[in-house]
Every structure is written in structure tokens, then in C-alpha cells.
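The block underneath contains the structure these notes are about, expressed in C-alpha cells.
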Amino acid sequence: MPWTRRHLLTLEELSREEIDQIHATAAAFKRTLSRRVKKVPALRGKTIVNLFLEPSTRTRMAFDMAAKRLSADVISFDAASSSTTKGETLHDTAKNIQALGADMIVIRHAAAGSPLYLSRILDIPVINAGDGAHEHPTQGLLDTFTMKEHLGSLKGRKIVILGDILFSRVARSNIHALTKLGANVTLVGPATLVPHWFTDLGVEVSHDLRTALADAEVVMLLRIQHERQSSGHFPSLGEYTSMFGLNKTRASWLNPKAIIMHPGPINRGVEIDSDLADGDHSVILEQVNNGIAVRMAALYLCAGGQPENVAPIE
């Protein structure tokens, strides 16, 4: 089916077929990234602005690289030296970026709903690179893309997401993608960070780590989001680690072929021990690498490209 969306704002609104289309497009682009010449001319002549109003390492660099691999011109917005420090609103900033001739905006913002707002006031495509604790759609797409590379179909697979679910936009995007792809998802962590109402999203909630990890084929660790918490949700990091940190003993409860994932940044020794983060079952750096191809797919499709046209570009 043809791709018809101009914006990528949330995985909640995508169908399983659309997620599969993005993954298939990403797989085609990933093949181009293994060549000696890694660029394709898909977005030549287009200007993409990365409007990051929250700190980022992996996502910002991956969007930069993805746009350049597509031959687009890229402008990365530096909030610290911009007029936002003088009180300019997001509305005015975005309108001025469009007036300067940008063809697409990739936005990260602390306020949930910011990408949706821009999609309503601008005439150019908008991609959500993370909005508050709401969603991080390209992270959910690259995570599920990585899982499919290792497991094939995710239908019926046992996936555990462990950590700060309440404040995690990554968790929400993964929940939407995984449930649409047929996975059995269990959320694990302290009751204060994994409230029971998450079951309304079609997942299981557990506060018993051993039971949750038993035979899981994927475990995704999430860091504690101190910057989004206004009050303590557990006594200390040490207590969190003692109850829910992933170490070798607890990893032995997983399926023997399980993969270990983390969207980063990692708090080593808190949610995961270093020997596991760097071990044979870890696919954390594969996630980072896959982020380029997946974001190439998102940029290409939102710019008007079609999945079936990627192969000739190769």
C-alpha cells in the first residue's frame, strides 16, 4: 500500500502495516550503508532542520547522519545560542524556520504534544524526536527493527521492559509498536514507576522481577528519568538496583538466547551491570547503528518517498 503520512508524530496512530513498511524501507537503506559509498540521492535539494530543544546525543547525531546519507542539507538548531534564550516562542521559532525555506523539521521538546502542535501550524512535514514523556517514535521503530533482525516475527514473543516506565517516552512508543506487532509485553519495576493502569495499553504489569524475566526473549532496560520526576519514587538508587538492577544472576533467568537492549544513556551499575551491557547478549550498539537506517526511512517517507521506490535507489 502507498505511504500517505506527511508527519511521524506517534506510533499509537500507525497501523501494523505502516510499521512494517518503515521497517522494510529501513532494511533497504541499511544495505546501502554497507557499501563503499553510503550516500543515496533520495533527498538531494531538501533542507532538514533538527530542532532539538532538549539534550540529545544518539538521536540528534543519527538524524544528522540519516539526512546526510540521503543527500539532504542539514541544519542542526543550537538552542543555547538561539533566540529561544531571549523568550522567543516555539510557534515563532518554527514559523521562522519554515519562512527560511526548510523542507522538514525534526523536533525534540520537553513538552508533550509539541510535534503535534507544529504539524498543525506548519505546511512542512514534522517528525517527533521525543516530546516529554509522551512518545519517541523513531526509537520504538529502531528497537522493534532490531528485535525483528534477531527474532524474526515478534508475534507471541515474550518482551520485558524493565525500569522507569512512568516517565519514559521510549516505553510508550515500544508498547504501541510491540502490541501492534503481536508481541507479549510485560512491564516490570517498582509500583511507583510501573502503575497498574498501563494494562489498559494491552500489556502485563509485574513487580516480581524473577517471574517477569523467566524465559523472556528480550529485556529492555530503561534508566531512571530524574529530569522528569518532581518527587522521589523510590528511596535511593542503591535500593532500586538491589531490587530491579539487571546483573548476571538475574540475567540467568532469561531465555538462554535472549537479547539485552537499552535505548541509552546507560546508568552503568544502576539499571544494568557493565559486564552485561558490554556482553555477548547485548545488542545496544546495534540499536544505535540501526537508528540511522530507520531514521533514513522516516525522513524519506515523510518527504514523499514510497517504500517500493527504495530498491532502485540502491
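The backbone N, Cα and C atoms fix where each Cβ goes, glycine too.
Among the candidates Arg16, Arg31, Arg35, Arg108, the residue that Swiss-Prot names alongside Arg58, Thr59, His136, Gln139, Gly264, Pro265 for the carbamoyl phosphate site is Arg108. Here His136 (carbamoyl phosphate binding site) is compared against the binding-site residues Lys86, Arg169, Arg223, and the shortest C-alpha distance is to Arg169. Within 10 Å of the Cα of Gln139 (carbamoyl phosphate binding site), the following binding-site residues from the list Lys86, Arg169, Arg223 place their own Cα: Arg169.
Around Pro265 (carbamoyl phosphate binding site), taking its Cβ as the centre, 11 other Cβ atoms fall within 10 Å, counting all chains.
In sequence order, the binding-site residues near Pro265 (carbamoyl phosphate binding site) (Cα within 10 Å of its Cα) are Arg223, drawn from Lys86, Arg169, Arg223.
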